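Lifted from TrEMBL, the feature list:
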- 14-143: domain 'VOC' (DOMAIN)
- 170-321: domain 'VOC' (DOMAIN)
- His173, His253, Glu332: Fe cation binding site (BINDING)
Amino acid sequence: MTRNASSSVLPELTVNHVEFYVADAREQAGRLCAQYGFTAVATSGTPDGPGDHLSIALRQGGITLVVTEARSERHPAHAYVAAHGDGVADIALRTPDARAAFDRAVAAGAGPLSPPDRPHGSRAGVTATIDGIGGVRHTFVQAPDEDAVLLPGFPDLAAAAEDTGTALLDIDHFAICLEAGHLDAAVAFYGTALGLGLVFEEKINVGSQAMRSQVVQNASGTVTLTLIEPDPTADRGQIDAFLDSHRGDGVQHIAFRTDDVVRTVATLADRGVEFLTTPGSYYDLLGERLTPDGHSIEELRRLNVLADEDHGGQLFQIFTHSVHPRRTFFLEIIERLGASTFGSSNIKALYEAVEAERAKSGALS
C-alpha cells in the first residue's frame, strides 16, 4: 500500500554522512576501499598513541562514511560495540539551519544530545545532535556554503574520491529493524521530529513468518527510512534474529544506489563482494511479471539481481552476504528506473533470500 508523503517540516534535509562505530577502524575502512571502491579522504583522532578514538572518513560519489573506533572506554563507541558489535551509530543530516532543525526536533520530543555548536577542527559551520530510534542518533550538519563538505571533528576534506568503477552514487535508503510493537511509535517520531511522511507500507507473509514494513521519507525524497517490525503472532524469523543478535532496535542495512546495477554488481563481485543467491525458478517466471528495462533476464539471473516495478517504473535490487560476526548488518545495491517505492515481489524475494542464507549457515531457530 502506498500513501502520499505529508508535507515535510524539514524538506531540505539530505544525508550528510553515516558514522559507524566499529572495533577496528582500519580494518573496516580497508574493506570498504578494497571491495566497494571507497577512498579514504581524512583521519580524525589519534592513529597511533594516546587518544580516545580513531575516525576515518571515506567517500565515493555522493556517499560519505565515517568509521570510528574507540581508543578509550570514555568514548561512546566503546559501549556501543560492546552491546551491538559494529554498526550504524549516526545518520547525519545536512540542513541549511542546524539550530532550527535541532529546536524543531527537540520540541517534537527528540532527546537532545548535543546543542548547536561550531565543531572544533572543521571549517565554519554548525552541528547539533538528537537521539533517534534504536540507539541511532542524528547529527544536523550546517555547512558554511552549498558546495562545502563538513564533517564534525575532521579538517578540510581536500582529497577527492577516486573513480574506482564501482559506480555507487548515493544512499537510497536505510532499513531499521524494530522490536514488535515499536513500529507505529517510530513512524510517529520521524514524522514529528524530522518531518518524514509515510509513503509506503506493507505486510509481508513468507510461510509461517510475517513482518510489517513502513517507509517514511521527506518531501524531496532525499532521506528515506524503511522501518520494519516482526509480527509477534507469527513464527520467529530474520527480523527476530537481528534483534536478538544486535540486542535491540538498529540499522539492518544501507542501500547504495547505482545507475547500472549489472555493471556495479559484476564489478563488486570481481572485487570480492559476495551476494545472496536467488533460485532459478524466480527468473523462469520473471518474464510473466515484467519485461526488464535496460537489462536482460539472463544478466539478472547470472548476477542474482531481483527486478520489480511500481506505478512509476522499475527497480533492481540485491543484498550482500553479511560479513558481520553477528550476521546482523549488510548492504544493498539498488537501481531505480522510475520506481519511487518498493515492489512487493522484491520485498518477499529478498526476505526469502535472507532466510535461505540463514538456513545455509545453520542460523535458523
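Even glycines carry a Cβ here, placed using N, Cα and C.
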Residues satisfying Cβ distance under 8 Å from His173 (Fe cation binding site), sequence separation of at least 6: Val215, Thr224, Leu225, Thr226, Ile254, Ala255, Ile334
To test your reading of the Fe cation site: which residues beyond His173, His253, Glu332, same chain only, put their Cβ within 8 Å of the Cβ centroid of those residues? Asp172, Phe174, Ala175, Thr226, Gln252, Ile254, Ala255, Phe256, Phe319, Leu331, Ile334
Express the predicted model's confidence over the domain 'VOC' (14-143) as a mean pLDDT, rounded to an integer. 92
